[in-house]
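Database features, via TrEMBL:
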type: TRANSMEM; residues: 36-54; note: transmembrane segment
type: TRANSMEM; residues: 61-82; note: transmembrane segment
type: TRANSMEM; residues: 88-106; note: transmembrane segment
type: TRANSMEM; residues: 127-148; note: transmembrane segment
type: TRANSMEM; residues: 160-185; note: transmembrane segment
type: DOMAIN; residues: 190-268; note: domain 'Wax synthase'
type: TRANSMEM; residues: 233-256; note: transmembrane segment
type: TRANSMEM; residues: 293-314; note: transmembrane segment
Amino acid sequence: MELLRDSTPMVSLAVSVAALYARAVSSRLRPGIPRLTALLPVAAFLAAAPLAFSSSATIRGVAAFFLAWLGVFKVALLAVGLGPLDPALPVLPFLFIAALPVKLVTRGGGGGTRPAGEAAAASERRAPAFLVSCAAKVAVMAALLHAYRFKERLPLYARLAMYGVHMYCFFDLLLPCIAAAACALGMEAEPQFDRPYLASSLRDFWGRRWNLVVPAVLRPSVYGPVRARAGRAAGVLAAFLVSGLMHEVLVCYLTLRPPTGEMAAFFLIHGACCVVEGWCAARGWPPAPPRTVATLFVVAFVAATAFWLFFAPINRDGGEEVLLEEWTAVAAFVGDAGRKLFR
């Protein structure tokens, strides 16, 4: 692990080697115990790899999301012949899916990724909107980083609201950039965010608008098997429980502190509310409110529960200061680079 310490290129190379090994093993072993046994070292490595980034909580947390959560789940699904990873995929798409939070668009009715020409055409059609969206999010993040200088004067809830917007902008900037890189290499990735601030219900927010690579992994690994045995409500609760537990794990990577249970409680509350929401919708009671009212209620509920449970374990015991220092350093680096570039 010392060879990988705080080295993004070395960690990326090691993850690529592990993914190529997983592809080679899976092409020779049928799904089941033999393949699972052969893939266990890959899962263990992906779980340990984020700890190589000892000097940056932000990079460690992002790597944990990419590798220790999504990567390990994808490898587990590969072991049983499910999920996005398939040994029949070409090498480059297999590496992208294994190491990054992407879901590649497939040809209708069959396996394989969309042809490179179609992916390039689709990318060109979306390029203007993509650039405008990225510019807007960069501007918002820059404004937030400037506002953080005065955080001592801001009430707690104002700061938490700013962190929520910052987190959304960061991931909705990072993940589309990864998708754009995939398109540049002849692949097309599905969007991972779809304007979550317009969600009309919690089910709409979590299932169709927010960080869609997560439900894409949880559906075959948790929701589907539990639903087949215990029904839809149990499947929903199980998926939210696993998501909560994995967020507990992510906080451990991010803060290097033991779990508190607050993340699990946050997601269990939302899972239970989604179950109740689905039960009411199926019976048409109470009558659905106007779309604007429903959206405001969803945003308020997500914000209130996040302020209460989601941000607390991250910001506790100096975590807030550590993350703000890292983002301030990033802003200073980008500012210096920009001034040198346009001097």
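A Cβ is built for glycine as well, from the same backbone N, Cα and C atoms used for every other residue.
Just so you know, TrEMBL annotations never went through curation; they're auto-generated.
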The domain 'Wax synthase' (190-268) - residue tally per DSSP class, helix then strand then coil: 60 helix, 0 strand, 19 coil
Per Cβ pairs under 8 Å, the stretch of 127-148, 160-185, 233-256 packing most closely against the transmembrane segment (88-106): 160-185
Positions whose Cβ lies under 8 angstroms from the transmembrane segment (61-82), at least six residues beyond its ends: 11, 15, 22, 26, 30-32, 35-36, 39, 42-43, 46-47, 49-50, 52-53, 97-101, 174, 213-214, 217-218, 220-221, 246, 249-250, 253-254
Residues of the parent chain within Cβ reach of the transmembrane segment (293-314), under 8 Å, 6 or more residues beyond its termini: 157, 160-161, 163-164, 197-202, 204-205, 251, 254-255, 257, 259-260, 262-263, 265-266, 269-270, 273, 320, 323
For the domain 'Wax synthase' (190-268), the mean pLDDT of the predicted model: 96
